[in-house]
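These features come from TrEMBL:
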| type | residues | note |
| --- | --- | --- |
| DOMAIN | 276-411 | domain 'DNA primase large subunit C-terminal' |
| BINDING | C285, C365, C382 | [4Fe-4S] cluster binding site |
| REGION | 431-462 | region 'Disordered' |
Amino acid sequence: MQFSGNKRRKLKLAGDQKNACYPHSLQFYLQPPSENVSLIEFENMAVDRLKLLKVVENLGVSYVKGTEQYQNKLESEIRKLKFSYRENLEDEYEPRRKDHISHFILRLAYCQSEDLRRWFIQQEMDLLRFRFSILPKDKIQSFLKDSHLQFEAISDAEKTHRDQDIIASSSGGIKLDLESVYKVPFADALDLFRGRKVYLEDGFAYVPSKDIVAIVLNEFRAKLSKALALTTRSLPTVQSDERLQPLLNHLSHSYTGQDYSAQGNSGKISLDQIDSLAAKSFPPCMRHLHRVLRENHHLRHGGRMQYGLFLKGIGLTLEQALHFWKQEFVKGKMDPDKFDKGYSYNIRHSYGKEGKRTDYTPFSCMRIILTNPPGQGDYHGCPFRHSDPELLKQKLQSYKISPAGISEVEDCGFSLNHPNQFFFESQRMLTGGKDPKKEPSLPETPQPRPGAAGTPKARDAPSTLAALNSSMEVDLEGLEAYFSS
């Protein structure tokens, strides 16, 4: 990335030129930006983009995607943050420019780890799905062409010739006289084929416009995943720039937040406190796992990992963890020697005492939601994502939550993003900031790792950038090498 103080190339475009730059309210971000922006604008765009993606994430948990409530709330938030969202609106150049540049800025921040890439891709896909769902039908073909997707709508004559086959093969009732049908190579429609939702003929899938979004999203995910991998190669160069590194670290940690490692908490709770803490301060996912463990005296691997790391984060030591799990499994008629040989190694491994000696941290909400979904016989996962709404309501009622309280929980904005954050916030409210144990101990908040959000360097990133000379500009033309090398 290059910075220039005297070579400032501002783009001054007429109306037609502006339309040519950003012909649609959505895009595949195939070309990196090539203009100058100030560092302050660079920061503001990035922060607004992150706010937008967090809104997409929270609404996706709170509501069913695609419902009227979801669509209305997301459109309202996009409008507040001044990003593009609809075609045929006046003065759309700046929102579309902001959308374009901010996406590439966050690529730099979110290409740094697998978890960050996974989160970024998921939110960008959900944002594209929303924008595509409100794209006028007469604009779909030109958008596909601009995105280098060679999907042509078939003629009315072809559609009439195959209408019965297409209707019989498609999911749900469709009216072909009101929809376009696209002829797509079979290999690009595998997901629809697996679900038996598409008509195939001579190596091509005939996809109604209501189903084309699945193929568009698959193409977008593949392209963005590859682009992030390419961007990762440029990280050493980007991180060597003292003006960009604090901001990019700050942005990425705004997603990951505190890692809630056991550092500073180890030994703060005793084994006989767990039942009472579960009833008062555990989030629903961990409270459910605790109840199942106490009743069945066993959890499968996914449940043991999710719950075991949570307990580690709230202060359970390795010795306590070994005793806790062994005690429960032996109650389930497991031989103690079998536990020592088959299970204790995994517990020591999670505490960084075996194998690569990685000190594993508790799972965040998004990791629980996006990875290893529960199957038959599993009890891990997120009840707000993986449970039936009625069963979730019954479970909340069993916790003696009032109907009004349940509605409030279901409609909340999900400002919490980590089970351990839920626990510590609950304890802070119940104890006035004191530790669960009565005897004095270290402060409850875990010590952040070097470079994590909360350290002075990351926390001061915005003020550091604001103190820089605002006339200094980022030459985005130099970014091209980072996204394509």
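Positions of Cβ are set from backbone N, Cα and C atoms, glycine also.
All TrEMBL annotations are machine predictions without curation.
Shown are the binding-site residues C285, C382; the one with the most C-beta atoms within 10 angstroms of its own C-beta is C285. DSSP labels the residues of the domain 'DNA primase large subunit C-terminal' (276-411) in these numbers: 90 helix, 0 strand, 46 coil. Per-residue confidence over the domain 'DNA primase large subunit C-terminal' (276-411) averages 89 (mean pLDDT, predicted model). Other than the site residues C285, C365, C382, same-chain residues with C-beta atoms no more than 8 angstroms from the centre of those residues' C-beta atoms, the [4Fe-4S] cluster site, are P283, P284, I368, I369, G381, P383, F384, R385, P419.
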